[in-house]
Amino acid sequence: MHNYLDNIMPDFSIENEILKLKNNKECIIVGVDEVGYGSLAGPVVSAAVFFPNYNNETTQDINDSKKLTPKTRQKIYNKIITRVKWSIGFAHIFEIDEYNILNATHIAMKRALTGLNAHIDIDYVIIDGNKIPNIPWNAQAIIGGDTISTSIAAASIIAKVTRDRLMETLHIQYPQYNWNKNKGYGTKDHITSLYKYGKTIHHRNTFTPISKISYMFKNS
């Protein structure tokens, strides 16, 4: 069954509404999104993005990264990184295990925003999701924000391409887990390899499949 929502593209409606409410056309509004929340391996990666000019004509192909093919995503990534101000933030495996995935995601978001704020003075932040991290800027969380806001959608693309490249690099060292294809997520082939080879230093120990497999290897 076709979902008509699939045809709806992100735009700058939210950004423009914020500009009107603040009565400030110079207000710097930054979109934030993360990638890797549910993965079994690898870091959480967040991106923060600011468009200097809100122009729908030059951003009409930008969409939620999950709706794009890898080839299209890479093409759009190459185009937008030259047109926006952006920054990346990581939360590493030990942080995910120590602070939990939600808090680690917020750490990654804060790092991305801090990196971007070193170059521009952020006024307002719009974030994909339903929770706002502890940040020193006024912010709004938007469920499904990457399907609504172009700024957030662009952040999702930059974060996704960055993380995918990292997992493809790690695949060279650990080819048995097929990270070049599954990007660390819990696919059937990834789970099968975990039971066969055990975990790596890049796996998240507090995630149930990993903790279960660690216990199995420890007691075998």
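The backbone N, Cα and C atoms fix where each Cβ goes, and this holds for glycine too.
DSSP assigns Glu34 (divalent metal cation binding site) to a strand segment in the three-state reduction. Among the features that Swiss-Prot reports, divalent metal cation binding site is placed at Asp33, Glu34, Asp128, with the record citing sequence analysis.
Annotated domain 'RNase H type-2' per Swiss-Prot: 27-220, in sequence order, evidence recorded as sequence analysis.
Across the binding-site residues listed here (Asp33, Glu34, Asp128), the residue whose Cβ sits among the most other Cβ atoms within 10 Å is Asp33.
For the recorded divalent metal cation site, residues Asp33, Glu34, Asp128 set the reference point as the centre of their Cβ atoms, and the other residues of that chain within 8 Å of it by Cβ are Val32, Val35, Ser46, Ala47, Met109, Ile127, Gly129, Gly145, Asp146, Ile152, Ala155, Ser156, Ala159. A mean pLDDT of 93 is what the model gives for the domain 'RNase H type-2' (27-220).
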